[in-house]
């Protein structure tokens, strides 16, 4: 078997039996969790395919290790390698201290145009949770990754640049509602039709491919009408224009109410649900954040903008055990580029202690295996995590909240996962 690159074809990824996959080990606890995760992934692939498939890992540098080795936090060689090999896995990266140095995670997303942050959130039986019915949480978040307030277009208070922006807004655009112009910083919030459409397209296609029931567009369009309000409308328009016979939208529902009455609209939606159509609906963000606590079962796939998505992803993760068990991926569904990553931070005080939970990067690697079409290996890891947690053999973060738990180290938890692969 010869190791080869993954390539992008007209029908999606072309995945060889021995793909070369770059990895960034990460800072802080990164080496601990990656050592554990890579053993679990390799064991699952071996068990699923009896040696007919395997991954050749290729380390690339970013973060502290890159800086110590090359003097750069994110070397161009790393970006070029990920661009060439399409798929990568990464541990947590620290953002270097100092003005003018942007987040390495954001830099990777922007350089590779990874427009979707994919965050599936579900509960594993036995995981400690602060809510009464964590089993009702089963959502997949599609967070737009390149626009919104997180685009990084900001101007610091008191600078020449911000004075120019404020002067332009006041004198050229007639803005009168900058309350304290002399001491304001300014951030720009770009939200585009193209950026919205590619995100919503990916979310609806995911819902279709994975037999999901609905896609909720989450926004604050009631206040920010020309950015978040446009996101909602562009999302609905895209759903009908590209997926018309596979979806039923709330805007269609409202039109039927207006023309034929609510009973007719309810009947139309019920018929669409029986036919297996995806229900496209929307929710104002603050109401949505209440509903994920009070009735989470009503939401399935979620498509939202960058800032909303950041809040929603971590709020949902808290309901099912925290970001220590929350997977994430950053994907460009058009070019095939994707980075699968731990969603938590570097936790430097635990670095090298062989103590922390490696589940986030392991489950992110499960997403990677699913993305590659290696579902058998992905399922083996997921089942093993379920069985291992159910047996109460867990790392300290869960053990301290579970009665009768056996606390184990990072590496011992990986050993247990490998033992429980079926």
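Placed from the backbone N, Cα and C atoms, the Cβ positions cover glycine too.
Copied over from Swiss-Prot:
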type	residues	note
BINDING	94, 344, 345, 346, 347, 348, 349, 350, 357, 396, 400	NADP(+) binding site
BINDING	103, 105, 109, 119, 143	D-threo-isocitrate binding site
BINDING	310	Mg(2+) binding site
SITE	150	site 'Critical for catalysis'
SITE	220	site 'Critical for catalysis'
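Residue pairs drawn from 103, 105, 109, 119, 143, the listed D-threo-isocitrate binders, are separated by up to 19 Å at the Cα level. Distance between Cα atoms for the residue listed as 'Mg(2+) binding site' and residue 109 (D-threo-isocitrate binding site): 14 Å, as a whole number.
The binding-site residues examined here are 119, 143, 349; by Cβ neighbour count within 10 Å, the least packed of them is 349.
Highest local Cβ density among the binding-site residues 94, 103, 105, 357 belongs to 357, counted as other Cβ atoms within 10 Å over all protein chains shown. When the Cα atoms are compared, residue 109 (D-threo-isocitrate binding site) and residue 400 (NADP(+) binding site) turn out to be 35 Å apart. Residues listed for NADP(+), 94, 344, 345, 346, 347, 348, 349, 350, 357, 396, 400, cover a largest CA to CA span of 27 Å. Long-range neighbours of residue 150 (site 'Critical for catalysis') (same chain, six or more residues apart, CB within less than 8 Å of its CB): 106, 306, 307, 310. Residue density at residue 220 (site 'Critical for catalysis'): 20 other Cβ atoms are found within 10 A of its Cβ, drawing on all protein chains shown.
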